[in-house]
């Protein structure tokens, strides 16, 4: 049976890539596409907006107007995603969430919703980035206690949250491995006379410039040597294809909260 996908934010950069990814994938089809109220794209064919030709799916501004989907893929903003979660819980729809920038209350709302529906919630849907998460855990076990750890990330000028969700996830994987709390050990800004660096800090640096899709590098730096683990994305299709892969994997799950580590079966590495 063909899995039907709904996409919110269909007219955005990521939304257009998601439409293309669904169209190219086997075993799935686009069932619904949505944009914010007042968007000039409402009523347009989703495929034409994505530049792949007509799909017969018109963009709507209300999830209640088109429930012809099994899984909703959401790469929007926290306030919108939280409303979409309520709809999916009420209507028994599964979700793939790529939105970043949630506060603790937002994350708890996702956790609560996952008691009733199945959700994949990840900061990054790239296969490569999720492999990097595991490599960081390995490096932290070997070098984390005596090295300075810094996370450097760069994204396009339009990204609204900083550090990126992926950078924070990298820090969380490292902190958990080392038995540290990122909230107390993370350093997100340095300016002026800061004093010497504390050994147990996990530092973050953010770049916003041009059209950078996404670049992340983690340093494990000691005196005399430095190990760098890095990932660079050159196309949003990497994330879109990963999200569709997650949706297909999620189709067999009735409820629960998962991430790409589960989807890719990386827990045993």
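The backbone N, Cα and C atoms fix where each Cβ goes, and this holds for glycine too.
The annotation in Swiss-Prot ties 9, 10, 11, 12, 13, 14, 98, 99, 100, 122, 123, 124, 125 to NAD(+), and of the candidates under consideration, 35, 150, 153, the one tied to the same site is 35. All protein chains considered, the CB of residue 36 (NADP(+) binding site) has 15 other CB atoms within 10 Å. For residue 35 (NAD(+) binding site), the same-chain residues 6+ apart in sequence whose C-beta sits under 8 angstroms from its C-beta are 8, 9, 10, 11, 41, 42, 59, 60, 61. Annotated (S)-2,3,4,5-tetrahydrodipicolinate site 156, 165, 166; additional same-chain residues within 8 Å of its Cβ mean position, judged by their own Cβ, are 100, 123, 124, 153, 155, 159, 161, 164, 167, 214.
Between the CA atoms of residue 159 (active site, proton donor) and residue 13 (NAD(+) binding site) there is a gap of 11 Å. For residue 13 (NAD(+) binding site), the same-chain residues that are 6 or more apart in sequence and have a Cβ closer than 8 Å to its Cβ are 158, 236. The Cβ of residue 166 ((S)-2,3,4,5-tetrahydrodipicolinate binding site) has 100, 123, 124, 129, 153, 214, 216 as same-chain neighbours under 8 Å, each 6 or more residues away in sequence.
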